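So that you can see what the record holds, here are the features copied from TrEMBL:
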type: DOMAIN; residues: B:145-353; note: domain 'ABC transmembrane type-1'
type: TRANSMEM; residues: B:32-53; note: transmembrane segment
type: TRANSMEM; residues: B:59-80; note: transmembrane segment
type: TRANSMEM; residues: B:92-120; note: transmembrane segment
type: TRANSMEM; residues: B:140-170; note: transmembrane segment
type: TRANSMEM; residues: B:182-209; note: transmembrane segment
type: TRANSMEM; residues: B:215-232; note: transmembrane segment
type: TRANSMEM; residues: B:288-306; note: transmembrane segment
type: TRANSMEM; residues: B:335-357; note: transmembrane segment
């Protein structure tokens, strides 16, 4: 179910502006990798290059290679739509489709793609996705109500269920808990722990406790100054990053001395 | 000795102190009393003038001067009692309300006039007959209703797909020079006088069908020329309101761009787009000049868009008024009743638009 990601010499541009420079990274399957670093250092930008969401922004482009199980995402013949079916994404702010019910939101990946699915299969897929997102018990009585009527934390878990329902290999999470209260955050962290069994997970977070709680490996990004490109400073096991980092900047950041 | 100061303290606490957050306040009915007084004063002045001048009493003038008198007086009372900030609030409230009332006067007056004059011929015969072989009294507007519905409907059929797709292009695909050029031309099109649209359609059909041809389809094309820019602009605004996050959410699920547009962007903005389309229909259904040129006028029912002249409600109103026969009152009554019918049709369209908008609107219930 899960795949290995390899990033080689990746430069990310917005038009002429170099946003992230020279990233090399290997992400193991069935692991949680956290990206930490100060605001504006390119964590989210880099994350979005992993499923070609980056190029949705006009003028954005990428140099270098991202390999998923050896397949280069940025090969000229690659269809970004097929990439995104394998690499799902959860966004910072919960964004359920406002025109759809809870049920249709979970099945959005199937229904929006005009794929035919029998009613029993659909119900089974929906229940399985909602159960793996720890949301089934809360919404099973209001599956036909609008998805935007749920609370913020429930909406975010609904978005995770929606991402799982298309059975991706990798799930990217862009600060999934930044708009949530501590209890919902805990629910989602537990969920990440469970999802790790089946998926490769990459998570961007500003919360260093969260990074240390949920991730196996941590990447620290930093930026030299405004207008300069963000860089990957250090990438290691989470315990090493938080207890014995090899770079001074990482130590300063994780111990709260700057940023 | 230390005990001597003690008795003062509880006394100081129990004395009722002035709450520093209170301020003077005019009683709730005060503005109405001031308004009544202002109108009474103005009415008295106009009464004296009417007696002195020997002319009739000017009710409109009395009300207008009364309302004008109210604005400074409410400000004055408010300054004296409540202070400058609240006085400014009252002044602006009075001005804004005044502007609203002023804007309502022509609307209400027009509705009352059309209803009172239009009801004279608002009968069954009017809606079951055409003007074929009718001179003088009697006759009806079936041919005009048929023409208006056919031509407006065809115009909508032409301009809704074109307009909607143009706006989708502008919002979702268009970047750079082409998109800017289209936006500019659409803005220019919004401003062309309707008679020019009529001349355009007339000229185009003259090229192919010979000079002097007037058909329903030519009228529909001229209406479509007027309608397209309105549809493009209103749908464009609505599509831009759809949050980018929803598009990204769909892309992240591996949904291709065109399906994202068809199944996420358009449904989310459907309510606003429908309202815009209905408003654009309401805008063109009352057009007279282009239809007069492109579709002409006739006394008979014509269901064929591609052959023969076609009557429409605004043109019917115009011809009845412009070419009065004998007795003239019959022609005037028909014109008013047709105007009333047109207003009712537009009103019905707007009501339908509201219902459709409510039906399609994204639901946010818990």
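Backbone N, Cα and C define each Cβ position, glycine as well.
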Segment-segment contact (the transmembrane segment (B:182-209); the transmembrane segment (B:288-306)) at 3 or more Cβ pairs under 8 Å: yes
Folded-back contacts onto the transmembrane segment (B:92-120), same chain, C-beta under 8 angstroms, at least six residues removed: 67, 70-71, 74-75, 332-333, 336-341, 343
Other parts of the chain folded back onto the transmembrane segment (B:140-170), taken as Cβ under 8 Å at six or more residues beyond its ends: 125-132, 179, 182-183, 186, 216-217, 219-221, 223-224, 227-233, 235-236, 239, 261, 265-266, 273, 277, 280-281, 284-285, 291, 295, 298-303, 305, 310-316, 334, 337-338, 341-342, 345
Positions on the same chain near the transmembrane segment (B:335-357), where near means CB under 8 A and six or more residues out: 111, 114-115, 117-122, 126, 141, 144-145, 148, 271-272, 274-275, 277-279, 281-282, 285-286, 313-314, 316-317, 320-321
